[in-house]
Amino acid sequence: MELIIILLALGLLMFTAYRGFSVILFAPICALFAVLLTDPSHVLPFFSSIFMEKMAGFIKLYFPVFLLGAIFGKVVEMAGLAASIAKTIVRLVGAKRAILAIVLMGAVLTYSGVSLFVVVFAVYPFAKNMFQEANIPKRLIPGTIALGAFTFTMDALPGTPQIQNVIPTSFFKTDIYAAPWLGLMGAVIVLAAGMLYLESRRKKAQASGEGYGGFDSQNAPAPESIESAAEPDKSPIRHALAFVPLILVGAVNKYFTIYLPKWYPNGFDFSSIGLKEFGRLDISSAAAIWSVEIALVIGIITTILFDWRSVFAQLKEGLNEGIGGALLASMNTGAEYGFGGIIAALPGFHKLSSGISHTFTDPLVNGAVTTTALAGITGSASGGMGIALSAMSEQYLQAIQAYNIPPEVMHRVISMASGGMDTLPHNGAVITLLAVTGLTHRQSYRDIFAITLIKTAAVFAVIAIYSLTGLV
């Protein structure tokens, strides 16, 4: 019965999200419905101490990132960078390769350490312009951004600084370059299969006469796109400079990620300036977020300098729109985190995670299935991985020693598995992506789910490759 309660709450949230209802309202309703069926007396304590704590904690940490990311994306659009870069890339790779261009743009940003939430805000203006230029249906944008930002650069490519690749290092005493060949092969599988799928969807839409805005827009881009954006100078230098803010965001983020902890080697003690009530701040936990925020501020300033007249002409409307988008996206994602927190606290969840973890004898398969299942249930790659490793890491270490499996292989498998079924309809990144693009689950989730299946299958392909070749 306890398992049925969890599945019922999860199914209800997926259904309401798919039907277009706001998860800000339905995430707590679905979560508390599960608590009500478990023990009615726990409803109010769970709401105050778990749901609201999780939601508020997420917003406290990440709202500045959402806000600056949304403003950066909007300023990029207002300054004409989106139109300029879109035209340049279309000219280089061809209009028919707009999908590949957006995938690679998202991949470069996430691999450079930019948060995938920021990538959604930053890449969407480019995707919108490029898809309009190539007359590719807008409904394919979420799947395209998902392939570039939510898959191989998040957890497969060795060296990626995303949290899904960092968490296993503390459990398996590895580094972020663990199992490089397996990671590279997994990345190639996801990229190749994902591109084949998205291109097949593009060709099918083209054959049926569907354009950017649907079946009534077979001709040129929508009027609000490239023609109405600030028209960039036609000189090659001007086009090249349009890439500078995007590159700066990645480079500055990397720089401050390395050097901020060195500037505060002992953290920051507020009592040293007479503010004892705030205690000591652990810089290691804040440096990653600070780095992104600084990088985005520099990116915004650089973008404004690119064409300050165009930006200031639309500044009020653009800022208001960006702030509104950031509020909606952060509240949506925070509500989903609160839902995951309540589900993870229910008695049925512990039975479920324990049951899954004891189903498979092979430690790699066991770890992959457990992690991806928990990521799917909680709607969070890092959340599912954290729960799996906190409960099972010692058992996994003993098992891989018994099977003579290097810990680096387990690291890569667990990392990739966390990014498997995490992108179900209630996932925060999915909800943010759809909110930013102005699309619904009904319009675009099919393609996101196809990418979800591809990246989940890639984990087991990597396990098979290791089992057959022993390659690490």
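Cβ from N, Cα, C; glycine included.
What Swiss-Prot annotates here:
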- 220-229: compositional bias 'Low complexity' (COMPBIAS)
- 209-229: region 'Disordered' (REGION)
- 4-24: transmembrane segment (TRANSMEM)
- 27-47: transmembrane segment (TRANSMEM)
- 56-76: transmembrane segment (TRANSMEM)
- 99-119: transmembrane segment (TRANSMEM)
- 140-160: transmembrane segment (TRANSMEM)
- 176-196: transmembrane segment (TRANSMEM)
- 240-260: transmembrane segment (TRANSMEM)
- 286-306: transmembrane segment (TRANSMEM)
- 323-343: transmembrane segment (TRANSMEM)
- 372-392: transmembrane segment (TRANSMEM)
- 448-468: transmembrane segment (TRANSMEM)
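Counting Cβ pairs closer than 8 Å and at least 6 residues apart in sequence, the transmembrane segment (323-343) and the transmembrane segment (240-260) reach fewer than three and form no contact. Stretch with the most C-beta contacts under 8 angstroms to the transmembrane segment (56-76), considering only 4-24, 176-196, 240-260, 286-306: 286-306. Here the transmembrane segment (176-196) lies next to the transmembrane segment (140-160) in space: the count of CB pairs under 8 Å, restricted to residues six or more apart, reaches at least 3. For the transmembrane segment (286-306), the list of distant contacts is 61-62, 64-65, 68-69, 71-72, 75-76, 79-81, 113-115, 118, 163, 241-242, 244-246, 248-250, 252-257, 260-261: same-chain residues at least six beyond its ends, Cβ to Cβ under 8 Å. The stretch in closest packing with the transmembrane segment (240-260), judged by the count of Cβ pairs under 8 Å and taken from 99-119, 140-160, 448-468, is 99-119. Same-chain residues lying 6+ beyond the ends of the transmembrane segment (99-119) with a Cβ under 8 Å from its Cβ atoms: 62, 65-66, 68-69, 72, 89-90, 93, 126-127, 130-131, 136, 140-141, 144-145, 147-150, 152-154, 157, 159-162, 191, 194-195, 198-199, 202, 246, 249-251, 253-254, 257, 291-292, 295-296, 329, 333, 429, 432.
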